Ligand code: GLU
């Protein structure tokens with residue numbers, strides 16, 4: 001058996017899409033499961049659609065997700081983009097000479113022909129076909145040009161492309177790993193352009209030449225490529241090459257069953273990294289877009305995914321990208337990570353938020369912040385927004401907020417003063433969430449105060465917020481000194 005080799009060949013035309021991440025993940029899982037290789041190739045032959053920085057974004061997204069390629073376009077130890085492997089280059093614009101050789105072979109074999117039709121003619125042709133309700137496509141006018149005419153036109157420097165001489169008869173069939181047997185009638189397939197007038201190959205020629213020369217055994221891609229596959233298989237036959245296995249993965253849709261698109265929400269991996277989704281959660285969630293393990297298990301590490309992944313459980317029905325489910329995965333993974341690790345992941349988000357960097361150096365304080373912030377957070381970004389009040393020098397809030405239900409500010413002041421006195425008698429050793437909670441509740445009971453009468457103003461004085469974590473959690477993170485200072489500020493606000 002040949003060594004399994006899979007590839008992700010994105011075009012650098014924008015930010016790496018979550019759909020491409022799903023394909024790359026399936027490539028990765030399948031390669032790792034079978035002891036094979038996973039390659040990254042950059043398909044940049046469509047020069048008009050290139051976007052600066054897109055290649056970097058593709059590479060970084062794969063490394064972020066912990067599914068780096070084994071070969072192809074990679075990151076060096078110094079985080080620079082490099083190419084590595086025996087069958088490169090792995091960037092198509094650096095392989096133009098190679099495509100030329102194969103295009104010439106097809107021309108010689110009569111499997112391709114020169115086409116000199118102008119854009120105007122092709123536009124008119126399409127308009128006519130549309131008007132007559134005929135399928136659109138090239139009508140083959142240049143297919144029958146004599147060798148002499150072709151030579152004459154080429155010698156005269158007439159702009160031209162090279163087209164696939166698609167057979168008019170027969171059926172092209174393959175056994176898709178997801179869809180089973182798929183067939184297309186050859187006569188319905190267009191004479192695809194293989195080489196453009198600018199000397200660049202089209203996707204169709206470049207992809208098959210590269211997949212063949214790079215010894216790719218399995219091709220996984222989105223179902224939008226389904227109608228391209230018969231053209232590719234015909235080309236493989238023309239060259240006499242082994243045909244790889246194909247799996248066309250289902251479309252990603254949103255809950256309204258619309259194709260996932262930028263217009264309706266986040267779609268690039270970068271959108272999600274920026275908001276603070278963990279790679280573990282993203283990969284776990286994305287694995288379930290079209291696949292399931294056949295059991296109830298939902299949380300999977302990457303290693304567990306490698307072990308469990310099987311194309312038998314990949315489905316062809318559209319996969320719904322449920323943003324709430326992604327939040328659930330992220331929450332689960334934020335709980336699952338040790339707090340020290342979560343602190344490392346969330347730190348850059350705190351730095352970006354502009355909090356005093358010095359405070360982040362105090363490890364005990366910072367881990368306390370993270371532990372408290374993750375309770376009500378879906379994302380790393382939420383941890384930051386949930387805990388901004390812990391970093392504030394002074395809290396901004398309406399004094400009225402200190403008032404508990406039907407009680408008044410006078411009572412709030414009295415309770416705050418008393419609890420402050422009580423808390424100041426506690427030793428540093430007793431100052432933990434449980435320690436403070438235990439002592440304060442006993443004190444309240446002893447005084448026969450209402451719990452809300454004491455804890456509401458205390459919590460507001462500590463957080464400055466209507467809704468926040470509980471007072472004991474906050475006090476344990478802030479420490480005694482800071483907690484007393486905030487309660488003191490609360491008391492000072494009340495002038496009645
Ligand atoms: N360059 C194509 C893309 O951008 C690759 C499709 C394929 O996997 O063959 O998705």
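Heads up, the Cβ atoms here are built off N, Cα and C, so glycines get one too.
TrEMBL entries are annotated by machine, without manual review.
According to TrEMBL, the protein has these features:
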type	residues	note
BINDING	262	ATP binding site
DOMAIN	3-328	domain 'Glutamyl/glutaminyl-tRNA synthetase class Ib catalytic'
DOMAIN	341-491	domain 'Aminoacyl-tRNA synthetase class I anticodon-binding'
MOTIF	10-20	motif ''HIGH' region'
MOTIF	259-263	motif ''KMSKS' region'
Stretch-averaged pLDDT - the motif ''HIGH' region' (10-20): 96
Residue numbers, six or more beyond the limits of the motif ''KMSKS' region' (259-263), whose CB comes under 8 Å of its CB atoms: 18-19, 251-253, 321
The motif ''HIGH' region' (10-20) - residue tally per DSSP class, helix then strand then coil: 3 helix, 1 strand, 7 coil
Same-chain residues at least 6 apart in sequence whose Cβ lies under 8 Å from residue 262 (ATP binding site): 268
